[in-house]
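Listed in Swiss-Prot for this protein:
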type	residues	note
BINDING	687, 688, 689, 690, 691, 692, 693, 694, 695, 709	ATP binding site
COMPBIAS	993-1005	compositional bias 'Low complexity'
COMPBIAS	1012-1021	compositional bias 'Basic and acidic residues'
MOD_RES	840	phosphoserine
REPEAT	193-216	repeat 'LRR 5'
TRANSMEM	626-646	transmembrane segment
């Protein structure tokens, strides 16, 4: 048998640099089941049947090893994703281990384009899994007479009726979700008395639920979402005593929810939403104590929220949004596992209990009649709960109804237009004869309960709901970006929401407006695979008036990845305009993956019909507008600082009587103020060493806590770094960049005051001795990686002034109280002037993080930061520094060790052993691969940071193959470490780097010793 490695070797002889070798085949060693180590023997009939199945399914190449019951290769038109699965399982007779038969085959996530095969020649077959393919045709009636117990055809193109003959089968599992089956649900399915799971969501099924389904007393999972059924929810569901999961979302059935639901004591996951019918009381769930998810959205439920819900200790998600609930809100004090509580769109009154407003819970109280709310209320305290939505949550008629936590809000002026780049950055767009500025909100992370008001602009958005079942709690998934796209930049980004997304403007001129909503479906594709099978439907409301029902972007635009503009009108009477997009449960939810649904929008244009939109009158380019608007203040600060240093301007505060009270120019402090804040630079306030200077904690006279960086003005380098940092930080504003509060130049002192980070640096949090470390689970580390990537993407691609940081490392990543990463120490930042392809510069940075082309030749591009980011991500994943880690054998640093782990297929060895029991293996391996691609030896092999962000968020494929380690001694990435190691061996030293930082793992001669050292450190009190 010729192995794949032999094939690869032959290929490499022909073409060494062919990186797309996997496009022609996939190698899969498949698990098999038999009871002897001897070669098994399948009947030739079954071997031939498998070959015929391959042809019918549309596989272009198939090689089946009958002696070992495994598939060696399945030829495909493209490399399947990591989730692809191909499996043949055989069983042999206990008395004759050569008498074997095929009992299962699975080809999942392969985009096979054929039809369903005949299986009559596989009489022992029990399981078929063909989920996530592109199979068309009908469901063969002959399958009903087989021995099948398990059928999964999730996400395909199958159509026609469900054969009634399946009522005579032995099925225990039937998943037909996300196809195009039509007709009614056969009443014969009621004969499947052993059936445990029946999943029929997202089809074209009509009619009522057959009464015969009452006999399915072994049912544990029943899902009928996104259908066109009729009739009421049947009371016979009380017979399903074993039921654990019930989903009826936009099924077409009407209410009320039967009261007998209370007898389903095994229910864990209850989802009933978007049902029509009369007003109904809250369904009785008092006896269903094991519930973890309760979704009763838009069910026309009235009355009060039952207090017993707050005693459900296992409850994680409670969504009662868009009903008619009144009264107060229970405390939910005993619901210890509660993570999401969505009560939007009701008529709730009174206060929100303090127990509800606790950290770690996402709370949405928007669109209610609460009376407690005021700027002084607990919910309005700064940073009290970052996941709290209070939009239109009070009954008051004042502006605070729309803009909570703002006292005596008054519009400074009224606008006649607004242009928003939803989920993107600020950009100018040519419209007719002008260029309009579309303000971006891409820097604002979303959330299951998010309220955002843009400072000084009087517009914002409210987002409601969580993407269920995606097993992802990162708020970055509420925006989308497609870096590789032929569309205009306006349609490469978008903002999405699971349930409801409302954009508003609070200060518009009254009158008639023309509204253009820009859409593009950037999550689905037009390719001939299952990615084009997705359906996204949502409703559009203007001023809370329904203007479009079941809006489908792909239908309107005649395909995916195609822009479409929806023109609408509005009349503004109270200076307030709302545009709400709402998901009503229709459309697919599992294409291309779980949790893909809900409204999505690329841009919004609002223009008055009677008053002109104010805009710049000159004909300058967008770059000129941005450079003047942002570059000029930076240049002024830069020049002032330079003149101060040269002594051309008076020093700050020399003749001031009371520098603490007098008002200073924005952004400046006196030396006395800084000394007062830091207790005269008391060593006890010293919190670390930044680039070229010490850092002190300080408290200003107004109570603001700052971090003060003290640089030496005696050094020309200190002066230059000071000016660089002032210019860089003052120009850049982003959630993942440190914020500058001000500076001071006085008495040979160069001082910067920037926002104080409660958790110091990432280096301190990860690599300090055990008692000083901050415990970080995998989701936290993943969040930090994403945040750093977004900050760098902003520096490189989104900021009007582009910067290369040049010194990305753990000590230059600061962490706020929520462990949000902030890139700091801009002292080495270089402006990418005139978008040059590279800059030849004097090398500055840190050994171990510097890209080889920069360290050796001073060749500087954005890709140098990408390299440093890759190394940093490996450190975050491993919990060990690159330079202080010395792997087993010839590995001289963490980067080389990680590359070796990829080659050996043991990627999880890179992961911090403290995380391995809990880590999401696929996610961790993907992150490591991203890090290795970023740290490729050649800059051309490294991605852009925007592509890195998309990879981490699952919106862009992670390369399966990464540039490997060069086995000759000249690999430029590791040469410095090898030379250093030889020098240390000659001098009997123990450190691994010229410049290193405190680490929890002392350097040793092998990977095992490094880990042992960390264990020793952690065992100390």
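Start at 1 and count along the chain as shown; that gives each residue its number.
For all residues, glycine too, the Cβ spot is worked out from N, Cα and C.
Within the repeat 'LRR 5' (193-216), the DSSP-based counts of helix, strand and coil residues read 5 helix, 7 strand, 12 coil. Cβ packing within 10 Å was compared across the binding-site residues 693, 695, and the lowest neighbour count falls to 693. The binding-site residues 687, 689 differ in how many other CB atoms lie within 10 Å of their CB, and the one with the most is 687. Across the residues of the repeat 'LRR 5' (193-216), the predicted structure has a mean pLDDT of 97.
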